[in-house]
Amino acid sequence: MKIHEYQGKEILRKFGVAVPRGKPAFSVDEAVKVAEELGGPVWVVKAQIHAGGRGKGGGVKVAKSIEQVREYANQILGMQLVTHQTGPEGQKVNRLMVEEGADIKQELYVSLVVDRVTQKIVLMGSSEGGMDIEEVAEKHPELIHKVIVEPSTGLLDAQADDLAAKIGVPAASIPQARAILQGLYKAFWETDASLAEINPLNVSSDGKVIALDAKFNFDSNALFRHPEIVAYRDLDEEDPAEIEASKFDLAYISLDGNIGCLVNGAGLAMATMDTIKLFGGEPANFLDVGGGATTEKVTEAFKLMLKNPDLKAILVNIFGGIMRCDVIAEGVIAGSKAVNLNVPLVVRMKGTNEDLGKKMLADSGLPIISADSMEEAAQKVVAAAAGK
């Protein structure tokens, strides 16, 4: 789960991380009121969407008068902001953040992520803040420094000081940087975050260290422990289909293709999409029904996929381990009838009660295209989507 920058800064503030004074605004008049409360002479008007690259897309403006705050708020609020993370369709801006301007001298980058190889938390930092870290990693990997943090000890003073020095924090400002890094780590740890990022971390001309941005992602599996984080959820920033899927415990992600995929298991789902692309097709979605798929879940999965106007065919690819193939077959048959399925349906099933499941499909009277291998299934669904 993602949250907005102003919400991320609220979290940082709770953990002692220095951030600029600022507030969210949901209208132009509210933005002006916030600016007047903060006082001048400089304000930053920022679009609040769940995507990076807002500055390059025109979603961040520096205002030097109240009139400019009004002008920029009017420009940004309601705009369809396109960044490298939104896709070409962009994201509508429904809220702003207005905060006091900062004396920017040195922009740095710091973040915390989970390293699945070492199964520990990694603190990353770079002297190249204020830009896309992916670009830095590609062109100048030597400028990214990493610290492995032992969960049993947390981020040690020496580790924080060492990273701060490596990314260019002046010696006199290292104690401030240490406090920020340790506060960021505590926020990451105590909220069950999967990402906590400050980009940029600013060092002003008088040596003050302050977080000018805040980005958090949270582990959805841990949200039951954090109702205060769930309260930050902004459904306007999420795909309606994905919101609907979550009600039925379906892992669903919309994609740009025209071939629907219904699979059990995330790994098999990704392999299925790769195989479809290998044979020239484009998946319309990632959909993992999990190991406990019921007739209701399969029916809802079909309904979700059929809401996509570009859908041309569906591939059901099931490995029956915990989930029996006859149960999936029952769900496919009931789901197809319930939604009056009107696109070609290719089904491939392997595993527990495979023969029974295949017989149920064959006896259903539905025009289901069967396949024995993943390659055959992908070829058939690509052909069906193309009308062949």
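The chain as shown is numbered from 1 upward.
Backbone N, Cα and C define each Cβ position, glycine as well.
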Swiss-Prot substrate site partner of Gly321, Ile322, Met323, selected from Asn258, Asn264, Asn285, Asn353: Asn264
Residue among binding-site residues Gly53, Gly321 with least C-beta crowding, 10 angstrom cut-off: Gly321
Rounded to the nearest Å - Cα separation of Ile322 (substrate binding site) and Lys46 (ATP binding site): 48
Spatial separation of Asn264 (substrate binding site) from Gly53 (ATP binding site) - C-alpha basis, Å: 35
Assigned element (helix, strand, coil) containing Asn264 (substrate binding site), judged by DSSP: coil
Least buried by Cβ count (within 10 Å) of the binding-site residues Ile322, Met323: Ile322
Residue among the binding-site residues Arg54, Gly55, Ala102, Glu107 whose Cβ has the most other Cβ atoms within 10 Å: Arg54
